[in-house]
Every structure is written in C-alpha cells, then in structure tokens.
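Q: Here's a structure for you.
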Amino acid sequence: MFKFKPVFKKRKYITLKNAVDKIENKEEVAPNIPGGMWIKCNTCGNIMYKKDLEDNAKVCTSCGKYYRMNAKERIELVIDTGTFREIDRDLKTVNPLDFPQYEDKVAKSKEETGLEEGFVAGYGKIYGKDVVIGVMDSNFMMGSMGSVVGEKITRAIEKATEERLPVIIFTASGGARMQEGMYSLMQMAKTSAVVGRHSEAGLLYIPIITDPTTGGVTASFAMLGDIILSEPGTIIGFAGRRVIEQTIRQKLPEDFQKAEFLLEHGFLDKIVERKELKKTLYKIVDMH
Ligand SMILES: [Zn+2]
C-alpha cells in the first residue's frame, strides 16, 4: 500500500493533530505535542487549548494522559524558579568510530532541541533544599546514552558526592547510542560505579523513570536508586516487547513494561503524579 505525504507545507487554517487515525499501530505514535494552537488528545479525543495542557504539566485535562516533557520543562517542574545553574554544558560529542552520518544526526538534534547533548545537569533548589539534578531529553537522538551523556551523568554525581548533595535524575532513553558502539556500553559501568560511590558516602540518589526508559539506561543507573520513582503509564524495559515475544515465543501481558506492572513486581518504589512530584521529592530529601 502506498502512503502519500501531504504536498502542502504551510497551512492557513488551524490544524488538529489527530493521532487517533494512527492508533492501530500504537507503538509508532509518540506522545509528543505537535505544533499548532490546539491539540487533540490521542487517547480520549479531548480537544484542548495547547496552553491549558502546558499549564497542567502536560497532562490531558480530560483523561489524565501524560505527554512527554523536555529537559527544560522537567527542570521548571521541580526546581525553584531562578535557582538552576547548569554544569558541563560545553562537553562536545565526537565521532569515535567514524560512524557514517553521526555528526549530522548530532547537529540536527542540537538544532531541534537547543541542547548540546541529550542530558542536562546542574545545581538547583527544591523548596530551598540544595540538590544536583540531571535530566535526559528523549528528543535528542531518542535520549540515547553516548560518551558525553555518560560523562555528564558521572560528573554530576561526582560533584554531588563531593558536596554531599542528593542527586535526582530524570531518565528517558532508547538505550545506548549505537553510533558509539562499545564506548556507549562502557557508560553503563561508569555511571553504575559512580552511583555506587555516592551510595557508599551515605548520600541519596533518586532516579525518576519517565516515558520511555529502555536499554542500557534501564540496565544501569536508572535502576540503582535508593528510592526509584516513576510516572503513571511510563514504559520501562530493557529489550523491546516484540523482541522478547519472538525470543520466548510467548504472548506477554498487556501491561508488561508499564510502570504499574513494575511497581507491582517490586522494581519501583512509587508512581508519583506529576503535580505531586516536587512535593514528594522535597519530602524524601528532607527526610534524608
Ligand atoms: Zn485525554
């Protein structure tokens, strides 16, 4: 079957992104918010003014579906206004394996996201409490973990260990960055080791696993928290569902790899509503 792409680029009328048409193949519908002033929820069909959705922490005002947030929005969600100070912004990604078109992909992601890499870290305050916060941005090459992402995570945690601060990291990742091959895989060991040292120093580390977190990130620092939080409906896994089904030749449960399923099976400590997240983090940090 042929599928035609629209010829007209500029529309003069208000557009409604209707993801319901594509819902048959659910996995291909990324719940990002498209351009335009209005948005139709791809779960319940509710039509919202885009600003209302953004004011509601990107949660559908009708059915409560969670839309993805970028790094900047995450920081704004939990960090006191004006207290965020970014660290290690200037680390540059190189192409260690001379992987074809890798530089182009990185350049494109930089342009689209306004970020230097798929991880942003810095100091900030949560209701006046000092923390080190890091956020992966799934819009930057699917939040994949290359050498620079791994290095930035490591440095952020090392700084927190030195200054005896708690670390909070939002994860969102497609896994290791294939364009960096073995260098990407080594980041799993490196980030895990630094989390270990932070813990040995008696300090707190809270990962918040957001949609989607998979692959080498799940298999390293995302799952090594003292208290592991997540959001409703988040997909968390290592290998993809289809790969597992084909390998074990069995049908997996419907809610497999969903945060609720993982909570029930002891992989998560709590699923926290977005609106409650800042308060929850404050309580944990304060208790510690
Ligand atoms: Zn909805």
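Keep in mind that glycine also has a Cβ here, set from the backbone N, Cα and C atoms.
Whatever TrEMBL says is automated annotation, not expert-curated.
If you look up TrEMBL, you'll see 37-288 marked as domain 'CoA carboxyltransferase N-terminal'. Annotation comment: TrEMBL describes 41-63 as zinc finger. The Zn(2+) binding site feature in TrEMBL is assigned to CYS41, CYS44, CYS60, CYS63.
Buried or exposed, and what's around them? Tell me for each listed feature.
A: Note on the domain 'CoA carboxyltransferase N-terminal' (37-288): mean pLDDT across this stretch is 96.
With a 10 A radius on its CB, CYS60 (Zn(2+) binding site) counts 20 other CB atoms from all the protein chains.
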Q: Which residues does CYS41 (Zn(2+) binding site) neighbour through Cβ under 8 Å, counting only same-chain ones at least six apart?
A: ILE47, MET48, CYS60, SER62, CYS63, LYS65
Q: Give the residue from the binding-site residues CYS44, CYS63 that has the most other Cβ atoms within 10 Å of its Cβ, counting over every protein chain displayed.
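A: Highest number of other Cβ atoms within 10 Å: CYS44.
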Q: Can you tell me how the residues of the zinc finger (41-63) break down into helix, strand and coil by DSSP?
A: 6 helix, 4 strand, 13 coil
